[in-house]
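The site 'Part of a proton relay during catalysis' annotation in Swiss-Prot covers 45, 108. Swiss-Prot lists 46, 204 with the feature pyruvate binding site, giving sequence analysis as the kind of evidence. The active site, proton donor/acceptor annotation in Swiss-Prot covers 134 and rests on sequence analysis. For 162, the entry in Swiss-Prot reads active site, schiff-base intermediate with substrate, with the evidence type sequence analysis.
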């Protein structure tokens, strides 16, 4: 299974009381299809996976696959800090028809490199579902080394990685050393253009939640080696990329979507609304690219 381009790390819409808003979820999927987004990544970090129950997590995957209806590929967030839970989620994603699973480095329990390797190998061996690794040490604390990634790249069923460290030098080394066919994706909007120009297949993007067409165009230009166009689009999105991380993701991007009228403004504790001091900053960034 090959993926490329702009893959949106989709938010999970909620009502102000924290209940899941499946109507808005389906509407967002339709919008991304219309705007040219190349793939959906659901119930990951941006989708607030730690804040939903296992049953809700499974239903969000099922609804996304059902509503996408083959119009756009769906990568299901199947990560957990329990290997058994990760296997359970991956089996469900496979059963309902997701094209792949995104599996994050186990968080909080801080496994060493051998533990990380065995965790992902166990998931891949248990479920016949293409797996995209996800390294985001700023959220997980444990950091999967390039050496561990390269070991895992040899495991059947592990097809790629979302490289969300934001370290271009590290990503460049991984691109140079990874086996042919191993798919590297940026997971960091501010540095995505650079990594794609170096050979990454695309970007698993937070910014694409609010600027899907622009992010699709950026990824297309970078993949095609059009440096002037890539620089132009990257400069246009730079302020927005920064603003959407002014507080912990997905606080700013959910606030932005509510301002744009796509969703209600809802979170689940411990996530709360964007601090008022940042409202004008995010609003200005949206206005600058014509989204408000």
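Cβ atoms here come from the backbone N, Cα and C positions, even for glycine.
Sequence features annotated in Swiss-Prot and their locations in the structure.
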| residue | record | Cβ within 10 Å |
| --- | --- | --- |
| 45 | site 'Part of a proton relay during catalysis' | 27 |
| 46 | pyruvate binding site | 24 |
| 108 | site 'Part of a proton relay during catalysis' | 9 |
| 134 | active site, proton donor/acceptor | 28 |
| 162 | active site, schiff-base intermediate with substrate | 27 |
| 204 | pyruvate binding site | 29 |
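With residue 204 (pyruvate binding site) as the anchor, the candidate recorded positions are 45, 108, 134, 162, and the one with the nearest CA is 162.
The distance from the Cα of residue 162 (active site, schiff-base intermediate with substrate) to the Cα of residue 134 (active site, proton donor/acceptor) comes to 5 Å.
Distance noted between the C-alpha atoms of residue 46 (pyruvate binding site) and residue 108 (site 'Part of a proton relay during catalysis') is 18 Å. Looking at residue 45 (site 'Part of a proton relay during catalysis') and residue 108 (site 'Part of a proton relay during catalysis'), their Cα atoms lie 14 Å from each other.
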